[in-house]
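Reading through the structure tokens given below for one structure.
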């Protein structure tokens with residue numbers, strides 16, 4: 001309640017609220033304030049109450065009731081105490097006329113999950129959404145989804161608003177403008193948004209969802225035939241696949257249900273991925289090239305050469321598809337494996353197909369790895385021979401190598417060959433040695449691997465360590481020094497101590513062909529003997545040698561080969577008719593690979609080397625016969641002397657005369673830890689088969705090695721030729737052992753085949769004895 005004095009200012013104004021008794025009292029009203037006692041009394045109007053009347057006792061009201069600014073009041077004349085009463089009536093509001101709209105948003109994983117209800121005769125009610133979800137558990141209620149609405153009612157008509165409610169289109173993203181309004185808020189965690197409105201003000205309403213990016217659009221109104229669409233239905237509007245729903249004549253106190261369905265758009269899949277090829281070496285690295293191609297063994301995507309290092313092609317962005325990975329041969333002694341993973345998918349394994357085919361998918365990162373592991377294997381030692389001031393043939397040996405090399409230079413042009421040797425992962429050490437010969441000086445030797453010098457110096461060669469797959473080149477350079485011809489005794493200006501005089505050169509009768517020092521024409525300065533005695537082999541007499549009455553060229557003692565039929569072997573300067581041929585360090589004529597009797601056939605092809613003269617009978621071939629001329633088992637000697645003795649014919653072998661057969665069964669070699677009883681068995685065989693005269697001591701020494709060489713030459717077709725060798729080695733190995741067993745025990749091993757697994761001695765450590 002308010003009491004104002006009708007004067008400017010408010011210093012005499014009063015204001016207060018009624019108490020529980022409905023009264024408020026203003027005291028100490030001053031009437032001498034210049035207003036002639038005229039006051040204004042007001043009631044501030046309250047919601048829910050309606051003003052009825054005001055009266056005062058005594059009746060001091062002046063004028064009409066007025067309503068200034070939410071108040072009701074009248075003028076009163078105060079001359080004493082006054083009681084004024086305001087009467088109000090409580091206003092009861094009419095019952096509400098509101099209706100509710102409940103909007104539910106459902107999202108499914110696939111468009112085929114949506115209901116496709118357009119055109120169905122149905123009402124969307126409070127159970128529609130839950131029933132659908134029960135039947136389609138793969139779908140879910142979607143929070144944070146907005147909707148827009150337009151109400152149409154009498155106010156719109158009064159305002160002459162456009163009755164058309166536009167549809168911005170089925171693919172319109174986001175909120176559209178007027179006349180649409182966005183309903184405050186968004187769907188909750190249960191996918192529901194509600195709003196209310198006064199049905200007195202609304203004749204019908206329109207609803208649309210606020211479509212988000214990344215979800216499929218509505219087909220209509222652009223395409224009214226397709227059912228591949230987002231969907232929305234409200235109450236009885238189950239008509240089209242559009243984003244525009246209408247409900248007419250809504251009634252108060254009802255809830256109208258709308259359900260909107262949608263599906264995420266399929267993300268545009270990238271059409272590229274990447275592929276990388278990696279090389280890993282286990283052990284010494286080799287050399288290779290990594291390739292990635294669109295065809296088997298192709299390299300059109302990437303190619304990366306790697307020389308003794310690990311590496312990678314790096315990542316290559318490629319179109320989705322099939323690619324092929326490969327690597328060039330890394331060399332011998334490597335095992336290779338390939339694995340592929342997808343690093344964009346927790347390193348999941350990628351299947352490698354035929355020809356190393358690999359599938360690269362969209363946005364995938366495929367990394368393939370070739371792993372090469374070095375294994376025990378072989379290495380190569382290349383020997384290069386260079387000479388200066390001449391040409392020659394040179395022999396080379398390698399420790400642990402079964403056969404040597406012979407290199408011949410022509411016109412000072414280098415010659416080369418190689419040893420293939422065993423090498424393990426820890427390395428294997430070999431000596432490469434040149435056999436020295438007269439008039440040649442070894443000037444230098446250098447072994448090189450990968451452009452670097454390797455090895456250690458040793459006498460007449462190098463010591464090198466090789467690993468599997470290595471190729472070491474050793475170059476030997478020799479210089480030729482022409483031989484110095486000694487000055488003959490008859491022109492050396494000295495008496496050479498001949499017993500008959502103290503004379504020298506032209507003064508010595510021994511230097512004259514007629515022994516006459518006074519005959520200058522008979523002086524022979526090239527005579528290398530001042531002795532004036534004639535040599536026994538050219539003196540025209542038999543010099544009482546015990547074995548014959550033969551003279552000069554008719555005496556075998558004057559022939560270097562003991563063969564009087566071979567005039568080229570007569571040595572007229574030989575001064576001893578009695579000498580017999582010493583055992584030759586060389587092979588017998590029937591196993592020396594030479595034509596010794598000038599009949600154009602050699603060794604086993606010469607009838608003189610067969611005890612029965614039959615070259616087609618291999619059993620009658622005698623490799624120890626030292627005279628190719630004798631035929632048919634007649635004259636001639638099979639020994640290396642001129643004694644005339646005959647060795648046991650070839651084929652009469654140890655054990656052949658008895659039922660007991662004792663054959664060797666192991667490989668043997670000089671300088672190795674051979675089994676003593678095996679060596680003794682071999683020595684007995686060689687003594688029986690070749691009459692070698694070996695001491696049976698179980699030691700594989702130089703004499704046994706020499707006898708093995710003779711045996712190998714005698715049986716070279718079965719022993720040497722399978723290896724491609726022409727010269728014997730002295731190593732009792734695969735073919736030698738097999739041939740000996742066939743001869744020693746023909747009943748048991750006569751059909752034993754020639755070995756074909758011709759592994760070099762050095763590469764067969766498991767079967768050969770160790771070094772001594």
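Residue numbers in this text run from 1 along the chain shown.
Just so you know, glycine gets a Cβ as well, placed from its N, Cα and C.
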Match it up for me: which of 155-187, 188-220, 221-253 does TrEMBL list as region 'Disordered'?
155-187
So what pLDDT does the domain 'Peptidoglycan binding-like' (677-715) average out to?
92
Same-chain Cβ contacts of the compositional bias 'Acidic residues' (8-20) under 8 Å, 6 or more residues past its ends?
1-2, 26, 29-30, 33
Per DSSP, what is the residue tally for the compositional bias 'Acidic residues' (589-603) in helix, strand and coil?
4 helix, 0 strand, 11 coil
Chain residues in Cβ proximity to the region 'Disordered' (155-187) (below 8 Å; excluding those fewer than six residues from its ends, i.e. six or more beyond):
103-105, 141-149, 193, 195, 201, 206, 208, 210-213, 217-223, 229-230, 241-244, 246
